[in-house]
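Trainee: Could you have a look at this structure, given as structure tokens, before my questions?
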Amino acid sequence: MRLMLLGGPGAGKGTQASLLINRYKIPQISTGDMLRAAIAKGTPLGLSAQKIMESGGLVSDDIIIGLVKERLKNPDCDRGFLFDGFPRTLVQAEALKDAEIHLDHVIEIAVDDEEIIERISGRRIHQPSGRVYHVVNQPPKNPGVDDITGEPLIQRDDDKEETIRKRLQVYHSQTAPLVQYYKEWAESGSKEAPKFHTISGTGTVEQIFDNIVTILET
């Protein structure tokens, strides 16, 4: 089962990814994790990436693809894998295709921008414990304070509306075109193309997961 999840920030990809890797016993392949592991091991690709990152540059798609190919040789990928945060751009998607790294399913979890903003901007954190609340979906007993300690809750900078809107702009300009790319490829009838599905990201975690499993196992 070789999977990729697409969707905006706050669409629920991380939650569903955790459930999917547990159900299908496949690893979650994260470019960030791969970079850190390659640098720690001192592999040639890792050392190349480290030099670029230390100089403040962006790691090239060639290096990222090389790391992906290296990672997929590990025995834990024999049953498949789930891509997390990769590819992010059309250039990376084309590079993945050229490298003949095949996918079975690409699933877009679709959520309206305004709902994403409400989901993320409503989060409140109790920093010392890491407890998370939501002003609408999981409010504290008393507004603005932690249930257990009575200490104040904060809103992280990443959860502020202005920051979320900027992240959504980046998503729509860079990553959302992947939806069209994989949709058109699937519709082309190519044997190499993964199946493409769009599901609603609105509903309970369990409902969304059941919808994904139905797609994958039908």
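Glycine is no exception: its Cβ is also placed from the backbone N, Cα and C atoms.
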Trainee: Looking at the candidate ranges 30-59, 60-89, report the one that Swiss-Prot labels region 'NMP'.
Mentor: 30-59
Trainee: Select one of R23, R123, R156: the residue that Swiss-Prot places in the ATP site alongside G10, A11, G12, K13, G14, T15, V132, Y133, G203.
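Mentor: The candidate from R23, R123, R156 that Swiss-Prot ties to ATP along with G10, A11, G12, K13, G14, T15, V132, Y133, G203 is R123.
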Trainee: List nothing but the one residue from R88, R156 whose Cβ has the fewest other Cβ atoms within 10 Å; the candidates are the binding-site residues.
Mentor: R156
Trainee: R156 (AMP binding site) to R123 (ATP binding site): how many Å between their Cα atoms?
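Mentor: Checking the Cα atoms of R156 (AMP binding site) and R123 (ATP binding site) gives a distance of 8 Å.
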Trainee: Could you check what DSSP calls R123 (ATP binding site) once collapsed to helix, strand or coil?
Mentor: strand
